[in-house]
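Listed features, source TrEMBL:
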| type | residues | note |
| --- | --- | --- |
| BINDING | Gly42, Val45, Ser292, Asn324, Leu389 | Na(+) 1 binding site |
| BINDING | Ala44, Asn49 | Na(+) 2 binding site |
| COMPBIAS | 1-11 | compositional bias 'Polar residues' |
| COMPBIAS | 619-633 | compositional bias 'Polar residues' |
| DISULFID | Cys147-Cys156 | disulfide bond |
| REGION | 1-26 | region 'Disordered' |
| REGION | 576-633 | region 'Disordered' |
| TRANSMEM | 36-54 | transmembrane segment |
| TRANSMEM | 66-87 | transmembrane segment |
| TRANSMEM | 108-135 | transmembrane segment |
| TRANSMEM | 242-269 | transmembrane segment |
| TRANSMEM | 289-306 | transmembrane segment |
| TRANSMEM | 318-343 | transmembrane segment |
| TRANSMEM | 377-398 | transmembrane segment |
| TRANSMEM | 419-445 | transmembrane segment |
| TRANSMEM | 451-471 | transmembrane segment |
| TRANSMEM | 491-514 | transmembrane segment |
| TRANSMEM | 526-551 | transmembrane segment |
Amino acid sequence: VDTSHGISLQNGAVPGEQGKQEKSVKRGNWGNQIEFVLTSVGYAVGLGNVWRFPYLCYRNGGGAFMFPYFIMLVFCGIPLFFMELSFGQFASQGCLGVWRVSPMFKGVGYGMMVVSTYIGIYYNVVICIAFYYFFVSMTRVLPWTYCSNPWNTPDCVGVLDGNLSSRAALNLTQLLNTTQKRTSPSEEYWRRYVLNLSDDIGNLGEVRLPLLGCLGVSWVVVFLCLIKGVKSSGKVVYFTATFPYVVLTILFVRGITLEGAVTGIMYYLTPQWDKILNAKVWGDAASQIFYSLGCAWGGLITMASYNKFNNNCYRDSIIISITNCATSVYAGFVIFSILGFMANHLGVDVSKVADHGPGLAFVAYPEALTLLPISPLWSILFFFMLILLGLGTQFCLLETLVTAIVDEVGNEWIIRKKTFVTLGVAVAGFLLGVPLTTQAGIYWLLLMDNYAASFSLVVISCIMCVAIMYIYGHCNYFKDIEMMLGFPPPLFFQICWRFISPAIIFFILVFTVIQYRPISYNEYVYPTWAISIGFLMALSSVICIPIYAIYKVCRSEGDTLLERLKNATKASKDWGPALPEHRSGRYAPAFSPSTESHLEVQPLQPEKGQSEAAAASPVQGSNGSAHSQDSRL
C-alpha cells in the first residue's frame, strides 16, 4: 500500500485515491470546481434568457409572470437541477449509462439524447445568424440604419431618417395609417435581406449562402472547443461564461439612460394579474424553467458525471439555478429599456414595437444600437455576447451526445477515438442544420423550438422523477446522496422530489393539452401538415421510453410478466460509484470480492483491482450480511 501511495503521489493524486488518477486519464475530469460551475452556468444561461424570457414575460402579463416563474423555480427547477446533478455525479456516467439504476427506463436517456439532438441542430442556426450580424457589423454605418437600401419598401421609416418630422405636415389620417404600417429598417433587413423570407414553410426557396457559411463557422468553433472533451471546453468557459455579463451591464447602463426607458421597464414589471389564471402562463413558466435550466436535456447529468465523487453538487445546483434566473430578469431590463425608448420615439404603445421569438434579438436590439454613438462597436459587442451565450449551451449539447455514445460503447478504442466521435456528431449537426438556412428556415426553426423542445421535456423529467423516487426507491437514493455528499438531501428536496415536482409537472401537462393553440409566426399561420411534423418531433423523444421499456421487459428473465418487470426495473450489478474506492456500504463487492471487483475495475487497471480487493476483503466480510439483505430487496 505504501508503494502505491508513493506512486500516486508522484502522479499528483491524493494518498488513498489511487484509482482517481487512472480514471481521469480514461474518462477525464474537470480541471477544478470552478470549471464545472462556469460550464453549467454557460449551459443554463443561453440565448433563451435574452430572446425567450423577456418575450414570454411581455406576452404573459409582465411582472405577473414572475410569480409563476419563481414558484416553478423553487418547487420544480432547483429540485430537478439538484436531482440531475447528483444522479450524474454519483454514477459518473452520461445520460444513458446512469440508467443502470433501473435498466427498464433507459429509454429516458435516449429521449434526452433525441431532445438534445433537436435543440443542438436549431440552436447552432441561431448562433450562426448572430455570427452573420457580428460580421456585417464591422462597417462604418450599420446596414440596417437607413431605409435607402435596395431591399427596403416604401413603408420603411428609420429611427434616424428624420422622415417623421417631414411627414408631420401630412394630414392626421395619413400619418396614422403610416404609423400602423410602419416597418423599421432593421425589421426589413432581417426579413427581406438576411432571411429573404419565403411565403410558406413548404416553400424552401434557396439556401442563404452567407448563413450557410456562418453555420459552418459556428460548428467549427464548437468542435474546436470540444476537441479534447471537458479538458478543452473547461478552459474556454472562463471567457464564454463571464464576458456576456460585462456586455449586458454596458447595454443596461446605456439602455436606462435613454428617454422612455422607464415606460418600457414599467411595462415589463407592471403585473396583469388576470393573466395568472391562464394555464398557458403557468405552462410557459414551467417550460421556460426547464428550457432555461436545461432540465431533462441530459446535459446536466453529463456535466456532473465529470465531477469528483464527493463534490458538493447541492451547493452548485442552488448557485447555478439562481444565477440563471437572475440573468433572465436582468436581460429583461436591458431589452425593455430599449423597447420603451423605441416606443417613445415612435409614439406608440410598448406592445407594438416588440417582435416575436428570435426577431426580438435581431430586430429590436439592432435598431436600438443604431441610435448609439459608434454604433458598430456596440453591435459587434452585442452579437459577440449572443454568440458566447449560445456557444456555452451548444458545447454541452454536443458533449451530451458524444459522452452518451462513448460511455455506451465503452471500449478502449472509442475512448481513444473520442475526438472523431465529436467530429462525426458535429458534421451530422451541420448537415441537418442546412434546411434551416433556406428561405423558409425561420419557420422550421420556430417549429422545432415550439414542439421538439417544450413539452417532451416535461414528460421526460416527470418519468425520471418517478423512476428514481418510486422504482429505484427514495430511501435508496437519499442514502446514495448521503454516501456521496456526507449529508442526506434536505427535507424540502425530499418532499419536492417525491410529491411536489412530479405533481406540478403532471398538472402543467394536463393544462397545456387543454389550452393548446397552434403555432404562428407574425401573420403567418402554420399549415396542418407542419404542425403534425411538430407533434411527431415532440413524440419522437417521448416514444423512446415505452419502446425501450417493452424491449427490456421482453429480454428480461422470468416466467411471469411480474417477474420480468421486477428484473427489468432492478438496479443492475454495475450500478453505483464508478471508482472502486468509493464503492462502500451496500456497493461493497461482498460475495466474491475478487470476481466482482475485477469486473468493475478491469477496464481501468486489472492488477490494482485485485490487490485492492484482497486488501479490502476483511471489511467486506463484515458487510456481507447487510449487502445480502440489500440485494434481496
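Each residue, glycine too, has its Cβ placed from N, Cα and C.
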Rounded Cα-Cα span from Ala44 (Na(+) 2 binding site) to Leu389 (Na(+) 1 binding site), Å:
9
Using a 10 Å cut-off, grab the number of neighbouring Cβ atoms around the Cβ of Val45 (Na(+) 1 binding site), all chains included.
28
Contacting positions for the transmembrane segment (377-398) when only residues 6+ beyond its ends and CB under 8 Å are counted:
39, 41-43, 45-47, 49-50, 116, 119-120, 123-124, 126-127, 130-131, 133-134, 137-138, 142, 218, 221-223, 225-226, 233, 236-237, 239-241, 243-244, 247-248, 250-251, 254, 294, 297, 299, 302-303, 361, 365-366, 369, 422, 425-426, 429
Going by a 10 angstroms cut-off between Cβ atoms, which of the recorded positions Ala44, Cys147, Leu389 has the sparsest surroundings?
Cys147
Which chain-mates of Cys156 (disulfide bond) that are at least 6 residues away have a CB under 8 A from its CB, listed by sequence?
Cys147, Thr183, Ser184, Pro185, Glu188
Sort out the residues at least 6 away from either end of the transmembrane segment (242-269), same chain, that have Cβ-Cβ distances under 8 Å to it, and list them.
38, 45, 54, 57-58, 62-63, 327, 330-345, 350-351, 368, 371-372, 378, 381-382, 384-385, 388-389
List the residues in the vicinity of the Na(+) 1 site, defined as same-chain residues other than Gly42, Val45, Ser292, Asn324, Leu389 with C-beta within 8 angstroms of the site's C-beta centre.
Val41, Tyr43, Ala44, Gly46, Gly48, Asn49, Thr327, Gly392, Thr393
Listed binding-site residues Gly42, Ser292, Asn324, filtered to Cα within 10 Å of Asn49 (Na(+) 2 binding site):
Ser292, Asn324
Select the range from 66-87, 108-135, 318-343, 491-514 that forms the most Cβ-Cβ pairs under 8 Å with the transmembrane segment (36-54).
318-343
Hey, does the transmembrane segment (491-514) touch the transmembrane segment (108-135), meaning at least 3 C-beta pairs closer than 8 angstroms, sequence gap 6 or more?
no
Candidates 66-87, 289-306, 318-343, 419-445; stretch with most C-beta pairs under 8 Å toward the transmembrane segment (491-514):
66-87
